[in-house]
Structures are given as C-alpha cells and as structure tokens.
Amino acid sequence: MSTTEIEKVVKGASYSALLLNDCGLPITAANIAALFKTAKLNGHETTFKTFEDFLKTNPITNYIGAIGGSAPAAASSAPAKKEEPKKEEPKKEEPKEEETDMDMGDLFG
C-alpha cells in the first residue's frame with residue numbers, strides 16, 4: 001500500500017468517525033468498516049481497530065472545534081463595543097421672562 005493509499009484510508013476513517021459521532025452512533029471498527037463498504041472504499045481492519053481503540057481513550061468531542069480558534073493577526077484582541085443608540089434627553093425648558101414693551105426712555109425713568 002502506498003503512502004497516498006494509507007493517507008486516503010486514514011482520512012476516510014477520520015471522516016467516518018466524525019460522521020458516526022454526528023449521528024450519535026458508537027465509533028467502532030465494525031461501524032467504520034460498514035461506512036467504508038457503503039462508500040466502496042478499501043481499508044484494513046487493523047486501521048479501523050486502531051481508530052476505535054484511540055477514540056475510546058480520547059473522545060472525538062475533545063477534538064471537534066479545537067482547531068482554528070485563533071483570531072487573525074490584524075484583529076484587535078479586545079471585543080468590539082456595540083454602539084448603542086444614544087437616548088436623547090428631553091431638553092429642559094428655561095423659564096421665559098415676561099416680555100414687556102419697554103422703550104429706551106422707560107429705562108431712565
């Protein structure tokens with residue numbers, strides 16, 4: 001078996017494990033083999049058993065979502081603040097002085 005064939009089997013087993021987990025089925029060598037048979041892929045029972053044994057001690061849910069969680073380098077580390085619409089406060093009306101008709105002459109008596 002060449003390296004590319006081994007890589008295909010490992011990828012297929014990985015995808016099978018993800019699919020079985022997503023469907024809520026146990027990740028066993030028999031279930032992985034059934035998926036390979038359905039997809040008309042060639043694989044070895046030892047590879048399927050290796051995946052089953054590994055995933056018994058290391059649940060696949062530990063690896064889901066753990067990849068690529070970092071932010072781009074250009075992004076700031078602080079979360080962006082949401083701008084809330086400013087509430088306009090009602091303007092207080094200043095008391096108006098009563099307007100009187102005054103002439104300049106009334107000022108001096």
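Using N, Cα and C of the backbone, Cβ positions are placed for all residues, glycine too.
Sequence annotations record features per position, and here Swiss-Prot assigns compositional bias 'Acidic residues' to 96-109.
The region 'Disordered' annotation in Swiss-Prot covers 71-109.
If you look up Swiss-Prot, you'll see 81-95 marked as region '3 X 5 AA tandem repeats of K-K-E-E-P'.
Feature annotation from Swiss-Prot assigns repeat '1' to 81-85.
The repeat '2' annotation in Swiss-Prot covers 86-90. Each residue of the repeat '2' (86-90) gets a DSSP state, and the totals for helix, strand and coil are 0 helix, 0 strand, 5 coil.
The repeat '3' annotation in Swiss-Prot covers 91-95. Across the repeat '3' (91-95), the prediction's mean pLDDT works out to 70.
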